[in-house]
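Per TrEMBL, the features are:
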- B:20-45: transmembrane segment (TRANSMEM)
- B:57-78: transmembrane segment (TRANSMEM)
- B:98-119: transmembrane segment (TRANSMEM)
- B:173-194: transmembrane segment (TRANSMEM)
- B:206-229: transmembrane segment (TRANSMEM)
- B:268-286: transmembrane segment (TRANSMEM)
- B:307-328: transmembrane segment (TRANSMEM)
- B:340-366: transmembrane segment (TRANSMEM)
- B:387-408: transmembrane segment (TRANSMEM)
Amino acid sequence: MNRREFLKRSMVVVAGMAVPAAALHLIDPKQLLAAKPDLRWAFLVDAYKCVGCGFCVKACKLENEVPYEANVSRTWVERYVVKKDGEVLIDSPKAARDGFTTKKIEVGEGKFREVKDEEIEKAFFVPKLCNQCENPPCVQVCPVGATYSTADGVVLVDRKWCIGCGYCIMGCPYGVRFFHPVHKTAEKCNFCYHRISKGMKSACVDACPFGARQIGNLRDPNDPVTKVIMTERVGILKEEYGTKPQVYYIGLSKEVR
Amino acid sequence: MLHGEAWTVKELFVYPNEYIYWTIQIVMYPFLTGLVAGAFVLSSLYHVFGVTKLKEIARFSLVFSFALLPCAPMPLLLHLQQPQRNLNVLMTPHFTSAIAAFGIVFLTYGMIVASELWFVYRGYFVTTALKLRQKPNRTLSETVLMSLYSILVMGAWDVSHHALEQDEKAVKILAAVGIPVACFLHGYAGFIFGSVKANALWMTPLMPVIFICSAVVSGIALCILTYVITMELRKLIITWRRKENPSLPSPGELGGVETQVVTMTSRYLIMFLILAITLELLDLIFRGYTAVKSWDILRSVIYGKDFTAIFILQYGLGNLVPFILFLLPGLTVRRAVVGTILVLFGVFMMRWNVVIGGQAFSASFAGFMHYHMPIWPHDMETFKEGLFGALMVGSIPFALFWLLSRIFPIFDLKESPPSSSRH
């Protein structure tokens with residue numbers, strides 16, 4: 001081998017080594033789409049507008065066939081009563097399915113507590129539902145992969161594959177999951193995926209007479225929900241868990257759990 | 001019927017969907033895996049580290065570990081809402097989940113214990129099978145035993161000195177590999193709890209280590225206890241049988257409980273007990289000192305609602321009392337038995353306080369949940385997740401142990417073939 005030949009071959013070797021192995025990886029168009037899809041569902045709750053009528057809970061139970069009398073629900077409304085002495089009372093009787101029909105506050109074990117009007121500093125309602133987290137702990141802990149995130153950001157449960165271990169229920173810091181009394185598998189709010197994927201709104205959004213609940217597409221800058229989330233001051237629940245929840249709240253208060 | 005509603009009582013504000021979903025069976029699960037791992041570690045002390053004083057109990061605890069092994073996943077199966085789908089975990093394991101690898105870890109460990117057991121008993125199988133083959137008029141049970149041993153030998157009939165030495169070498173290697181795997185199996189159970197970030201009581205990196213230490217404690221305790229009970233029972237049975245057949249060895253010839261074995265073993269128990277308590281207290285102090293958001297509710301659970309279960313039953317009766325019993329000079333077998341029973345109870349309470357205690361408060365940090373364990377079952381669910389379900393799971397290992405001891409003799413009978421006495 002002469003010098004010319006040696007240099008030529010060396011250059012080929014160096015050039016070959018310079019090509020990183022990653023560059024040879026074929027790009028899957030599906031992966032690209034999932035990384036930046038044109039749809040990401042998000043929810044906006046205006047707590048100022050909620051009056052605690054419970055129509056959303058009722059509609060949800062009927063729409064999603066969660067037994068009406070069972071004491072579990074995909075969505076619920078909490079009532080917060082903050083007293084002048086700083087005490088905070090919270091309740092959600094029957095998940096607020098029938099609304100809040102009495103001033104008495106449920107304190108568990110079938111007992112109620114009455115608070116005089118003049119003792120109350122402030123009181124408000126907070127609707128709750130699944131946060132469809134961007135980093136969902138429930139999906140992380142499912143041992144069989146029966147619960148998963150869709151490309152458009154909704155966490156779903158496969159009732160045919162769930163083994164019912166309850167690890168996802170334990171893993172959710174928001175307490176949105178439960179066992180379906182009939183199917184005996186993990187159950188949760190999915191933003192009425194069967195409706196939103198057909199262009200409809202979720203049942204609770206349609207049922208709310210005051211517009212406290214709205215659903216929208218975060219990827220669409222002209223979506224009214226996105227506009228509010230981008231331009232106004234909104235809060236999220238339990239940020240410290242690092243779950244990146246996608247239900248945004250207007251009018252959150254420090255007492256909200 | 002709503003899962004959890006039958007035994008959960010809510011106090012103050014609890015999210016509507018929150019119930020005590022993990023009940024007594026999930027208390028049994030780490031308790032049983034702990035016993036498996038602990039019994040194995042005890043047997044390895046002899047095989048690997050050559051603690052010859054544990055020779056007597058080493059083989060015993062290995063067989064016991066093997067008997068406990070198939071029972072460890074039983075509580076998991078019983079608590080599943082869809083138990084018939086349990087194989088999904090092996091079919092589509094989702095490895096970001098801490099429980100997805102359970103089947104793999106468990107089966108690996110099971111194979112290690114099974115092969116170690118085989119190497120320990122191979123020589124005995126061969127000699128017994130050959131002896132029975134030459135026997136002219138065998139009873140039915142002898143024939144069954146002979147064919148069973150012949151199958152178990154799996155063609156390895158070589159019992160030369162060299163071959164038996166190879167067996168011992170294999171036992172040593174397997175026991176050595178088995179220790180980290182046993183610790184992993186149980187540390188893994190701790191990780192399942194410790195990694196749940198949504199649960200303020202469970203989330204601590206110390207959880208796997210605490211679980212391993214208390215596992216060894218409980219495993220050793222159960223081995224001591226069963227060892228003493230079996231020895232005594234054996235003596236009783238022999239005395240009773242000798243009335244009909246005086247040619248059997250006398251209880252004196254059989255030899256009773258060796259106090260030496262019990263004292264030696266309980267020394268290891270104490271060591272691991274100190275380690276476990278130190279870590280648990282470190283965890284508690286650290287939580288109180290850092291006092292993050294969840295501390296308020298944890299404090300009211302630890303020092304209020306669960307005070308009796310944690311400080312009186314677990315630390316007091318389950319740790320402190322046996323600690324004193326074992327450390328007082330002149331340890332007798334009787335005192336050791338009381339001590340081991342209390343230690344087992346203490347470890348059980350520790351599992352209880354982790355599993356049930358972790359669900360004693362709402363994720364809202366504004367309310368509490370109480371578990372009322374179903375005693376008399378009125379349907380399948382209250383049976384499975386109640387007292388009798390737990391008792392059933394807890395008693396099966398003993399039945400299995402009895403059955404296994406028919407095949408794998410755990411004692412050195414003076415009349416037994418010499419090959420079995422090498423352990």
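Backbone N, Cα and C atoms are what each Cβ position is placed from, and that goes for glycine too.
All TrEMBL annotations are machine predictions without curation.
Keep in mind that what you see is a predicted model, and the values were worked out from it rather than measured.
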Folded-back contacts onto the transmembrane segment (B:340-366), same chain, C-beta under 8 angstroms, at least six residues removed
10, 12-15, 18, 20-23, 26-28, 30-31, 34, 193, 198-202, 207, 214-215, 217-218, 221-222, 224-225, 266, 269, 273, 280, 293-294, 296-298, 300-302, 305-306, 309-310, 313-315, 317-319, 321-322, 325
Seg_contact(the transmembrane segment (B:20-45), the transmembrane segment (B:307-328)) with at least 3 CB pairs under 8 angstroms, min sep 6
no
Ranking B:57-78, B:98-119, B:206-229 by the number of C-beta pairs under 8 Å to the transmembrane segment (B:387-408), which range is first?
B:57-78
Any residues 6+ beyond the ends of the transmembrane segment (B:173-194) with a Cβ under 8 Å from its own?
29-30, 33-34, 36-37, 40-41, 43-44, 47-48, 98-99, 101-102, 105-106, 108-109, 112-113, 115-116, 119, 202-212, 215, 354-355, 358
What residues in the same chain, six or more past the boundaries of the transmembrane segment (B:98-119), come closer than 8 Å to it by Cβ-Cβ distance?
36, 40, 47, 62-63, 65-66, 69-70, 72-73, 76, 89-90, 152, 167-168, 170-171, 174-175, 177-178, 181-182, 184-185, 188, 191-192, 195, 408
